[in-house]
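Heads up: the structure comes next, in structure tokens.
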Amino acid sequence: MTVSLHHCPAPAKLNLFLHVIGRRPDGYHLLQSVFQLIDRCDMLHFDLRADGRIVRTTDVPGVPEEQDLIVRALRLLADEFQRRHGRAVPGIDVAVDKILPMGGGLGGGSSDAATALMAANQLWQAGLSADELMALGLPLGADIPFFIFGQTAFVEGVGEAMQPVAGPDCWYVVIEPGVSVPTPAIFGAVDLTRDTKPVTISDFSRDQSAQNELGGFGKNDLQAVAVRLFPPVAQAVEWLGSYGQARMTGSGACVFCAVSSESKADEVVAQVPAAWKAWKAKALARHPLKSLLQNRAVVE
Ligand SMILES: C[C@@](CO)(OP(=O)(O)O)[C@H](O)COP(=O)(O)OP(=O)(O)OC[C@H]1O[C@@H](n2ccc(N)nc2=O)[C@H](O)[C@@H]1O
Ligand SMILES: Nc1ncnc2c1ncn2[C@@H]1O[C@H](COP(=O)(O)OP(=O)(O)O)[C@@H](O)[C@H]1O
């Protein structure tokens, strides 16, 4: 029996574009976006316990254990396990090496939760399908279903409707402008554009195959508000814009630019002003945990 899953990656995502096309009656915004996985990851480690408890064994600054999306997601899975199997889960210890910035628009919290759901589903032998894990995670974070889906996706609604799409095979330069952007402040702004004309998945795919320049399709409707409220985001967009199409991901704060090669990415990262953290990342076609779980390479 498998008792540990160590070195489970929780990758970041970039929103290659993000359009706000309307609003639901409950106030949530209807989005269209292409979500792209990249190879910058938090790393999670899981060990079965025998006493039924769910315990985070590492400190995450600013996130108390009770509020951690990892712990909240595991509690939901434990409740579902009890309903299905008529007994409690064995319990689990989870340790997190936190690499991704919070409030960065990289989906780190959601990705951590998705990795926890996939790993615990296997360790506890809970037996949920990917669709069932996605439905369990959605109320906790709109990006969780995408990370469980685990491949480049054209995403609609508030994050629940997705179709696979071929993404670019390229490198990115990502700048962390040093501010944490609260998502509610962006969606609540009076000047947010909420009526972008809907596009189709074919519009994106056609543009991908036709374009010579990397990363040009659409826009990020959340960017104008974030740039107004957080000057460092504006400065990062302007600086990176001299190397190509620079755009904010999600509700910010991180800003990215596609480049044609790893060496070009290294070159740009080396020139980023010291005030900002910057790194290169490669586009991933598939979630790295999926193949690890299939061939059990993470088992220790
Ligand atoms: C914008 C996106 C795009 O990937 O990502 P991030 O920047 O967070 O990575 C997500 O849709 C972020 O969704 P999610 O992570 O669930 O948002 P939360 O922080 O829970 O939402 C905070 C608040 O923003 C508003 N909100 C959020 C999502 C949405 N589609 N419409 C909204 O109006 C709601 O008022 C909500 O209470
Ligand atoms: N495991 C976690 N990692 C990161 N953030 C978490 C986690 N659990 C809860 N949070 C909360 O979620 C918020 C959003 O974090 P994150 O998902 O990293 O940013 P974003 O949604 O901008 O990509 C954080 O400010 C934090 O309060």
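Glycine is treated like the rest: Cβ placed from N, Cα and C.
Just so you know, TrEMBL annotations never went through curation; they're auto-generated.
Residues or ranges marked as active site by TrEMBL: Lys13 (among others). For Lys13 (active site), the Cβ neighbour count at a 10 Å cut-off comes to 28, with all displayed protein chains included. Lys13 (active site) falls within a strand segment according to DSSP.
According to TrEMBL, the active site annotation covers Asp143 (among others). In sequence order, Lys13, Phe35, Gly107, Ser110, Ser111, Gly159, Gly250 are the residues near Asp143 (active site), counting only same-chain partners six or more apart with C-beta under 8 A.
Sequence-distant neighbours of Gly103 (ATP binding site): residues of the same chain at least 6 apart with a C-beta under 8 Å from its C-beta are Val179, Ser180, Val181, Pro182, Thr183, Gly252, Ala253. TrEMBL lists Pro101, Met102, Gly103, Gly104, Gly105, Leu106, Gly107, Gly108, Gly109, Ser110, Ser111 with the feature ATP binding site.
Residue counts for the domain 'GHMP kinase N-terminal' (69-151) under DSSP, split into helix (H, G, I), strand (E, B) and coil, are 47 helix, 7 strand, 29 coil. Annotation source TrEMBL lists domain 'GHMP kinase N-terminal' at 69-151.
Shown for the domain 'GHMP kinase C-terminal' (215-277): DSSP residue counts in helix, strand and coil, namely 30 helix, 10 strand, 23 coil. As annotated by TrEMBL, domain 'GHMP kinase C-terminal' applies to 215-277.
Counting every protein chain shown, the Cβ of Gly107 (ATP binding site) has 28 other Cβ atoms within 10 Å. Ranking the binding-site residues Gly105, Gly109 by the number of CB atoms within 10 A of their own CB puts Gly105 at the top.
Long-range Cβ contacts of Pro101 (ATP binding site) within its own chain (separation 6+, distance under 8 Å): Gly108, Glu176, Ser180, Ala253, Cys254, Lys277. With a CB cut-off of under 6 A applied against ligand 1, the recorded positions Lys13, Gly105, Gly107, Asp143 are reduced to Gly105, Gly107, Asp143. Taking the Cβ of Ser111 (ATP binding site) as centre and 10 Å as the limit, one finds 29 other Cβ atoms among all the protein chains shown. Apart from Pro101, Met102, Gly103, Gly104, Gly105, Leu106, Gly107, Gly108, Gly109, Ser110, Ser111, the residues listed for ATP, the same chain places the Cβ atoms of Ala12, Leu100, Gly250 within 8 Å of the centroid of those Cβ atoms.
Listed in sequence order, the recorded positions among Lys13, Pro101, Gly103, Gly105, Ser111 whose CB lies under 6 angstroms from an atom of ligand 2 come out as Gly103, Gly105.
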